[in-house]
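Okay, so here's the structure we're looking at.
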Amino acid sequence: MKEDQLKQKEMMKAMEAPEEKRARRLAKKDAKERKKREKMGWGEEYMGYTNADNPFGDNNLLGSFIWSKALDKKGISHLSEKELKERNKRIQEENRLELQKVKQLRLEREREKAMREQELEMLQREKEAEHFKTWEEQEDNFHLHQAKLRSKIRIRDGRAKPIDLLAKYISAEDDDLEVEMHEPYTFLNGLTVSDLEDLVEDISVYMELEQGKNVDFWRDMTTITEDEISKLRKLEASGKGPGERREGVNASVSTDVQLVFKGKTYNQLQALYQGIEIKIRAGGPNLDIGYWESLLQQLKAYMAKARLRERHQDVLRQKLYKLKQEQGVESEPLFPILKKEPSSPGNSSKAEEESEDGAGPSASDASKQQQKEPEGEPEKAENEEEGEGDGEAVLLEEDLIRQSLDDYDSGRYSPRLLKPQDLPIDAHVVEPEEDLQRLVLSRKQLQVTGDASESAEDVFVRKAKEGMGGDEAQFSVEVPVTGKAYLWADKYRPRKPRFFNRVHTGFEWNKYNQTHYDFDNPPPKIVQGYKFNIFYPDLIDKRSTPEYFLEACQDNKDFGVLRFHAGPPYEDIAFKIVNREWEYSHRHGFRCQFSNGIFQLWFHFKRYRYRR
């Protein structure tokens, strides 16, 4: 087999053309050179280099260079050429691995940097979203304020809309003085269908602007308004002929149904609502579903009116109670309870008379309703009347007005002297003398400082901190000064001035730091300048300008002592600073001035450039 391959190879050589022979020999030579370079440790990027074509200008690139003196210095001159080649190959492999590690570290740093930038971007987005949310809330508050302002203007000009009156009513609940005597649903009287539809839209706008505030009130008003719209549309459709749709309740029965619902409390209406729902769910062969569903729809409007009526009465009671508390007039409890006591027939008749007087028009209305109720539900009406009698007594608008007139006639406007037992447990009693002393002390403090919330020390620190950057820190290294005898010591108390100093630090990118450090591993910070702010508010001689003196430090020549002298009543003050040459040009931040009782000395050190 092998002999056949050799014969075939010799035959191909004999039959090939001169160009093919030349190409075959060049390919064989290149393969030999490639194998030789791989043994020398060359990488793929250097495989195409030759002695004539290489970026290094080396005519003997393919040959091995032997540095005899370096080998003698390293003590390896005794090694053979093969061992040297193996050693060089091993060193090149180590360098290649180290280069790969450096590349991996660089890629890792870039990946961490990208992750940090992504986190910063996410934080920035969260801040922007929070800011946008705050801006949206401010915008909603602005629109709500503008809507209330428009309502006030329309009410003042006598062209108020129903939504204006409702907004005024709901805002008057938080006012301790203003009282609205009429229920809010009375504002719907006399409105057309278009007005009621506009009112529904306005209520939805107010609900969106108030963001959940007074939501129960607006929902009840929406229910009542929609019920009024349906009633008006039924009246309009009643004259359209026999093609009208059956509404579930006959017109003759509708009046009786309204009399059943009218005058009942919210709890009674809610119990009736639940009973009708149970009846509808139970079903039956002779049950008129349309009638009961229409009844249920009307009952929702009556329940909303009952809730608003009870809320209106609670607000009136609270306003009356607060008014009497301010005037010092004893008032009845906010929620009076009528208790039944077993007694003689005479007492019972008297109690009935009192209850009839207290109930007012509601009792007569209830009796009329009981007479006019349909015969189908007598037992239910009796049970509801019994439940109403056992509950709380409801104060109506007429009762509150009568009680206010009685208080007005009595003329008890002066506050009543309270006894210790009348005060609440957590009440704090202050004597008149103690109250007067506190008032005098507060006035004195305000006269001395001019502002009770900010002292002179705070003013000085705030002014000295103006323009403080992130590369600056507070500097307070004070050096004690040798005590001296002052002529004005007997008249004025000598004291040290207050100060707020800053030291400016930063990096210095000289040749050494550029070689050994980078931005990821910066060099240590050095002191590049100082900013001194000395506070002299009480100088005796206002015309004398403070001075500074730079003295040598005896302990260390690398530092100096900067002493400030101003005059009485201030003693000299000194600080230990770095001893370097100053930059006196204003373009480099130098400042030496005395203004408004503050002496400022700002300077930076000179930066020396290396020159040959």
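Note that Cβ sites are derived from N, Cα and C of the backbone, with glycine treated the same way.
The feature region 'Disordered', as given by TrEMBL for the ranges 1-38, 77-114, sits at 1-38. Secondary structure of the compositional bias 'Basic and acidic residues' (1-33) per DSSP (helix as H, G, I; strand as E, B; remaining residues coil): 30 helix, 0 strand, 3 coil. Across the domain 'Splicing factor Cactin C-terminal' (488-612), the DSSP tally of helix, strand and coil residues reads 11 helix, 55 strand, 59 coil.
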